[in-house]
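Enquirer: From TrEMBL, for reference:
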- B:4-183: domain 'Guanylate kinase-like' (DOMAIN)
- B:11, B:12, B:13, B:14, B:15, B:16, B:17, B:18: ATP binding site (BINDING)
């Protein structure tokens, strides 16, 4: 069996990664799988270990970092979140194409560890449009909005690290472009 | 009948626009047409007026420029080359999607005159790869190669003026991405 692809889907926060992913993940030809993340945050009501997340302690998480067991990780509001390499490899060995929908910082880590990853960066039609989307999402203090915008602006500078750049002007088209990219890579892999 | 789309295909010279265009232009669903250019250069053996080019005099060409009859034009080695607006409009009015495969400078002119144009910029996988392609094309004095590279490097800066950016790492995939873009715009136009 052919080993599955590793696909990184990233882009500044607020750009619409989730919306696009929902559209193209319905395409069964892509044979996608999502790896379960590891976290130190407490399980919420109804969340199952090994399904929603691998729940772990801070100590264990830090040991996993030291042992190079995480493809990428980040800390948010005092909790660690990361992608276990073992999980990704297991799915790829089963022939699944693993999609990581991750933040820009995490994507950089994955690219360094897996140069064969197919990296896709979603960009907004313009920074003005991204601002409109960030402001439209919820009512937040101006200071927070400004922080988000500054972060997005910095994240945009990472665009050249990616193999493919897809503009999210029209989510349907963005999803179709990503489908085209993945299907072509599946084809190339099969003909190897 | 729906008016056809205007599609600009551009990118630095040497990037492989022609190769990609040959692949996707075989897709009949795209319903593409190519407008005949106007030139002041003399017809070569076997070239027909109105088919290969509209052959004209320098005086007439300059009058056409003054009257705003050209969507874009440029001068190469002492001869003018341009795209007559009338030709493009005639084809679009017939419902054809007009594709202009043009140099970066001409593309900027078209974008200014037709903000509704779907602009696609082909980028090389890297500047190193573009250099390899430019050098591989033919044997030229180092000075000319350096000029081409400097021009390409400048042209790359125009990337943000384009709606879509497609990397030509794999011409087949680049062609498929362009097909996806055009088909989606045809669909959007039909649903208007």
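Each residue, glycine too, has its Cβ placed from N, Cα and C.
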Enquirer: List every residue in the same chain as residue B:17 (ATP binding site), at least 6 positions away in sequence, whose Cβ is under 8 Å from its Cβ.
Expert: B:9, B:10, B:11, B:101, B:122
Enquirer: Which one of the binding-site residues (B:11, B:14) has its C-beta surrounded by the most other C-beta atoms within 10 angstroms?
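Expert: Result for the most crowded candidate: B:11.
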Enquirer: Near residue B:13 (ATP binding site), which residues of its chain come within a Cβ-Cβ distance under 8 Å, counting only those 6 or more away in sequence?
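Expert: When sequence neighbours closer than 6 are ignored, residue B:13 (ATP binding site) has B:103, B:134, B:148, B:151, B:152, B:155 within Cβ distance under 8 Å.
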Enquirer: In the structure shown, which of the binding-site residues B:12, B:16, B:18 has the fewest other Cβ atoms within 10 Å?
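Expert: Each of the binding-site residues B:12, B:16, B:18 was scored; lowest Cβ tally within 10 Å is B:18.
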Enquirer: Return the residues near residue B:15 (ATP binding site) by Cβ distance under 8 Å, restricted to its own chain and a separation of at least 6 in sequence.
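Expert: When sequence neighbours closer than 6 are ignored, residue B:15 (ATP binding site) has B:122, B:123, B:124, B:130, B:133, B:152, B:168 within Cβ distance under 8 Å.
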Enquirer: Using DSSP reduced to three states, classify residue B:13 (ATP binding site) as helix, strand or coil.
Expert: coil
Enquirer: Mind looking up the mean pLDDT for the domain 'Guanylate kinase-like' (B:4-183) in the predicted model?
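Expert: Taking every residue in the domain 'Guanylate kinase-like' (B:4-183) and averaging pLDDT yields 92.
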